[in-house]
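Notes for the one structure printed next.
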Amino acid sequence: MEKTSHSLLPSLLTLALLLGSAKADPQPLQDYCIADTSKPFYLNGAPCIDPKLAASSYFTTAALSRPGNTKATPFGFSVKVTNITNLPGLNTMGLTMARVDLDPNGLVPLHSHPRASEVTICIKGTLLVGFVNTSNYLFTQLLRPGESFVFPRGLIHFLYNLETMGSALAVSGLSSQSPGAQIAAFAAFTSKPSVPDEVLKKSFQISNQDVTRIRRSLGG
């Protein structure tokens, strides 16, 4: 028995070294990637052009230079992001930049980014920001121009403009080329097909009338 244990030791050490040097799978760049077994090759992202064709214009963008339409949602906010369409050099870099505009008392409602952490810097206005951890503890902070806050990956968070007369502006950096964004209220009440009423009623302890009212107010 002792001889067998000694003979296994080199193999175990080799396995430990291999596991220690192995890299984790790359993070997904989409919500899901259904296996296509009919093709031998797939991409988790976008294909690359010939590096010899690269130019400075691929690494610059004016996509964040102007505010977005804050009237497009009932919450009074707009988010514009860099992506591989307006900034092709971003591909495979593992990051995204976002411009966040908020009306007076505008709100970026409770939402999450399943594939990215986020750091936000307040450029203009006074922002109340916060996130809830998996123990349901709320972390909040008041941000003034020049101050920053980090939202951990996948956790529910928000940004709220405390100014009643003036707009607010923030810029965020996210740690994924495709961070994803899911607003909790829209996911629950405006999904297609709809989440069953009974599920919503029991989840939020509300009535049929409440479900109908919330769906209508969110455009569901």
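Placement of Cβ uses the backbone N, Cα and C atoms for every residue, glycine included.
Residues or ranges marked as Mn(2+) binding site by TrEMBL: HIS111, HIS113, GLU118, HIS157. Among the features that TrEMBL reports, oxalate binding site is placed at HIS113, GLU118. Taken from TrEMBL, the feature disulfide bond applies to CYS33-CYS48. The domain 'Cupin type-1' annotation in TrEMBL covers 62-212. The signal peptide annotation in TrEMBL covers 1-24.
Residue pair HIS111 (Mn(2+) binding site) / CYS48 (disulfide bond) shows a Cα separation of 32 Å. Within the model, the domain 'Cupin type-1' (62-212) carries an average pLDDT of 96.
Counting every protein chain shown, the number of other Cβ atoms lying within 10 Å of the Cβ of CYS48 (disulfide bond) is 12.
It is 34 Å from the Cα atom of HIS157 (Mn(2+) binding site) to that of CYS48 (disulfide bond).
Packing around GLU118 (Mn(2+) binding site) is summarised by its Cβ count: 23 other Cβ atoms lie within 10 angstroms of its Cβ, all protein chains included. Every protein chain considered, the tally of other Cβ atoms within 10 Å of the Cβ of HIS113 (Mn(2+) binding site) stands at 24. Put simply, GLU118 (Mn(2+) binding site) is 26 Å from CYS48 (disulfide bond) when counted between their Cα atoms. Cβ packing within 10 Å was compared across the binding-site residues HIS111, HIS157, and the lowest neighbour count falls to HIS111.
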